[in-house]
Amino acid sequence: DPFFPISHTRLWALQLILVTCPSLLVIMHVAYREAKDQRRRATGRDNYRCTYSHPGKKRGYREDREKKNREKNGENCPKLYSNTGKKHGGLWWTYLLSLVFKASVDVIFLYIFYHFYRNYTLPRVVKCELPPCPNMVDCFISRPTEKNIFTLFMVVTTCVCIVLSLIEAAYLIGKR
């Protein structure tokens, strides 16, 4: 236990669980938006007017947009969100914070891996003199090469995920 307090596969499984949670939060936010839109359509608000207008477009753009929404969603029920493919407002912040959280979790787990397994490698032999050993004993680790390869794969994968999350966050901020 002093040399390997937790298995590297269990540590990686915990990392995967924590990194996946923000994605589930974003999915729940999108589902909430969809449910809100469906509830609004179910109430049949006839007096709702689409106020979306794109700057720089001709005056008839809003009417074209309303016509497309009526054709898609019913005569008197345009979409609640003008562009469902675009992340804005609460969804934008939810998605951005999920990316920051994912990158943070990955960085923390890289530190934990480094702290537990120096230089991200496992030694072949460990000198042990803890109880119940009566004196210094050589403890051999089973399949150290396999464990080193797996650990390096985890580290490289985590680094790639961190870079991709930061690039995506920068892209989102730049597009806003």
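Just so you know, glycine gets a Cβ as well, placed from its N, Cα and C.
TrEMBL has this to say about the protein:
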TRANSMEM  12-32  transmembrane segment
REGION    52-78  region 'Disordered'
COMPBIAS  61-74  compositional bias 'Basic and acidic residues'
TRANSMEM  92-114  transmembrane segment
DOMAIN    105-172  domain 'Connexin cysteine-rich'
TRANSMEM  149-173  transmembrane segment
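If you take every residue in the domain 'Connexin cysteine-rich' (105-172) and average the pLDDT, you get 85. Helix, strand and coil counts under DSSP for the domain 'Connexin cysteine-rich' (105-172) come to 44 helix, 8 strand, 16 coil.
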